[in-house]
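Notes to accompany the following structure.
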Amino acid sequence: MQEQSDDSSEDEAAGDADMDFMRNLFSSALGLSSAEKVLDELTLDGVARYINSGKCKNIICMVGAGISTSAGIPDFRSPETGLYANLQKYNLPYPEAIFQIDYFKKHPEPFFALARELYPGQFKPTICHYFMKMLKDKGILRRCYTQNIDTLERVAGLEGDDLIEAHGTFYKSHCVSFCCRKEYSLEWMKEKIFSDDIPKCDKCSSLVKPDIVFFGENLPARFFTSMKMDFPRCDLLIVMGTSLQVQPFASLVSRVSKNCPRLLINMEKSGQVKPMMSLFGFGEGMDFDSDKAYRDVAHISTCDDGCLALADLLGWKAELEELVKKEHAKIDSQDAKEKASENKGATAKASSASAPPEPKAEE
């Protein structure tokens, strides 16, 4: 039933995209396109003034692996440091196989070995994550759409309703058997992964997989239903740390209204409209540099530096730095308590094992 629901949602989304394309075609051909320039200038300062004006109440953030690299989590495609460049040790037929569902079902070992290295809970959220939390606290974040599976948005304080985890999450796991689909918790999966066990369902003995979306699987149905509600209402789109190369996530930038400003914070310009499409005025990508540019801003920097720069212009920098400091200290304190508890348990276990057996009482 779930599979049918996802398929129909994807079909509907494809149909919507076709309609948008045709609408743009006729609007452009007939000269009906009437986009209003909302930003007073196409700079980070212009974006900050717009946010501070009070007119901006429904911000959507679209984020990718680049927001987590400063936490120590590698992105996928960087030539030497990216995840795909460092998978030789797993003897894969090709790098992407580690995230392909058919390969996983036959050879789950490489994925779970990688999961030990990247498991949620071993990293702290970044400045960028906490900037989004501040947008939520100030009541102007409509939703965060993330490609990431590291759950750092949740650790930073974004809750289920604040998030669309487009490529799934480690937060929950399910049995891969369509007839079973028993659900397992983050703690259950963590115990299995770090005990070097391949997680198997205790009900039917099939593999258990974290709810991350592998190649060959559908995106969560909630991704498709939420985007239809959220993007027409969006009054500022902030895109951070993504190459905008993976569909259908990348196409979301074209689902906001023509008046909605779009800010990219990234190490390079991404998601740009193709030159031929630009000639016809189609809104299938970002336009930072042409004579027709009127709403897209590219701030080329790390995501953390970009968020700090924007926070500074908004008058939030000290508040953001204090939030990061306080939350990181809380995580460090919790980690120290857990390690002390583990060490205490290990010491007690070792002591019990080495103690001589008590003599039996004489009858």
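Placed from the backbone N, Cα and C atoms, the Cβ positions cover glycine too.
Positions annotated as active site, proton acceptor by TrEMBL: His167. The NAD(+) binding site annotation in TrEMBL covers 65-69, 75-77, 147-150, 242-243, 266-268, Cys303. The feature Zn(2+) binding site is assigned by TrEMBL to Cys175, Cys180, Cys201, Cys204. Annotated compositional bias 'Basic and acidic residues' per TrEMBL: 328-342, in sequence order. Per TrEMBL, the feature domain 'Deacetylase sirtuin-type' maps to 37-317. Annotated region 'Disordered' per TrEMBL: 328-363, in sequence order.
Distribution of TrEMBL features across the structure.
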residue : record                       : Cβ within 10 Å
Ala65   : NAD(+) binding site          : 22
Ser68   : NAD(+) binding site          : 26
Asn148  : NAD(+) binding site          : 25
His167  : active site, proton acceptor : 20
Cys175  : Zn(2+) binding site          : 22
Cys180  : Zn(2+) binding site          : 14
Cys201  : Zn(2+) binding site          : 18
Cys204  : Zn(2+) binding site          : 13
Thr242  : NAD(+) binding site          : 26
Met267  : NAD(+) binding site          : 16
Checklist entry - Cα-Cα separation of Met267 (NAD(+) binding site) and the residue listed as 'active site, proton acceptor', in Å? => result 22
Item to check | Within the predicted model, mean pLDDT of the domain 'Deacetylase sirtuin-type' (37-317) | outcome: 88
Checklist entry - What recorded positions in the list His167, Cys175, Cys201 lie within 10 angstroms of Thr242 (NAD(+) binding site), counting C-alpha atoms? => result none
Item to check | Cys204 (Zn(2+) binding site) and Asn148 (NAD(+) binding site), Cα-Cα, nearest whole angstrom | outcome: 30
Checklist entry - So of all those recorded positions, Ala65, Ser68, His167, which one's Cα sits nearest to Cys175 (Zn(2+) binding site)? => result His167
Checklist outcome for this item: For Cys201 (Zn(2+) binding site), the closest of the recorded positions by C-alpha position, picking from Ala65, Ser68, His167, is His167
Next on the checklist: For the Zn(2+) site (Cys175, Cys180, Cys201, Cys204), what does the 8 A shell look like? I mean other same-chain residues with CB within 8 A of the CB centroid.
Outcome noted: Val176, Ser177, Cys179, Arg181, Lys182, Lys203, Ser205, Ser206, Val208
Checklist outcome for this item: argmin Cα dist to Cys180 (Zn(2+) binding site) over the recorded positions Ala65, Ser68, His167 returns His167
Checklist entry - How big is the Cα-to-Cα gap, in Å, between Ala65 (NAD(+) binding site) and Cys204 (Zn(2+) binding site)? => result 35
